[in-house]
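As recorded in TrEMBL:
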- Cys64, Cys67, Cys70, Cys114: [4Fe-4S] cluster 1 binding site (BINDING)
- Cys74, Cys104, Cys107, Cys110: [4Fe-4S] cluster 2 binding site (BINDING)
- 55-84: domain '4Fe-4S ferredoxin-type' (DOMAIN)
- 95-124: domain '4Fe-4S ferredoxin-type' (DOMAIN)
Amino acid sequence: MFTMLNKLQNYSEQAIQAARYIGQGFMVTLDHMNRLPITIQYPYEKLIPSERFRGRIHFEFDKCIACEVCVRVCPINLPVVDWELKKDVKKKQLKNYSIDFGVCIFCGNCVEYCPTNCLSMTEEYELSIYDRHDLNYDQIALGRLPISAIEDSTIQTISNLSYLTKGSTESHLNSRNITNFLD
């Protein structure tokens, strides 16, 4: 008789626990139903990248002293620097500079360690192209500044997702874990 009562008690505890888990899941579902969608209509709307976003590299030919620090700090030795030594002034003169963005990992080391600040990161992230060889940018292509999403009149910019309030995201962090069986 005791074993049957214990089994009945254990069964009822498990049923109550399962109902709690279902209720927790239902509350999360209801919470998500009250939110607006996060999806943006990409070609017509664009999010403004953050200030420290690492996009395409911009290069200023006149500032470069051909020291090759960017090549040494690059984890994959990517920038190609062609220079010649001018013996009369005993200085290097830059002839050509190129970066292949098909291989670049956008780590930003070249920008950070450049002593003359001739390299900088832009907010350009649309580098898709049909031929991968077109991703090899020379100093002329690297010198072009991209059109900012803020300045483009054909695009609606979204600076932040203001409808995701801080309170709505914190409630999920504080909720109990469903796999926690030690209640």
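Glycine is no exception: its Cβ is also placed from the backbone N, Cα and C atoms.
Taking the Cα atom of each, Cys67 ([4Fe-4S] cluster 1 binding site) and Cys74 ([4Fe-4S] cluster 2 binding site) are about 13 angstrom apart. Its own atom aside, the Cβ of Cys67 ([4Fe-4S] cluster 1 binding site) has 17 Cβ atoms within 10 angstroms in the protein chains shown. Across the fold, the C-alpha of Cys114 ([4Fe-4S] cluster 1 binding site) and the C-alpha of Cys74 ([4Fe-4S] cluster 2 binding site) stand 11 Å from each other. Within the domain '4Fe-4S ferredoxin-type' (55-84), the DSSP-based counts of helix, strand and coil residues read 8 helix, 8 strand, 14 coil. Cβ neighbours within 10 Å of Cys64 ([4Fe-4S] cluster 1 binding site), excluding its own Cβ and spanning all shown chains: 21. There are 20 other CB atoms within 10 A of the CB of Cys114 ([4Fe-4S] cluster 1 binding site), with all protein chains counted. Neighbour list (Cys107 ([4Fe-4S] cluster 2 binding site), Cβ cut-off 8 Å, at least 6 residues apart, same chain): Arg54, Cys74, Pro75. Other than Cys74, Cys104, Cys107, Cys110, the residues of this chain whose Cβ falls within 8 Å of the Cβ centroid of the [4Fe-4S] cluster 2 site are, in sequence order, Ile57, Cys70, Val73, Pro75, Ile76, Leu78, Pro79, Ile99, Ile105, Phe106, Gly108, Asn109. Taking a C-beta cut-off of under 8 angstroms and a sequence separation of 6 or more, Cys70 ([4Fe-4S] cluster 1 binding site) has the following same-chain neighbours: Pro79, Val81, Asn109, Cys110, Tyr113, Cys114, Leu119.
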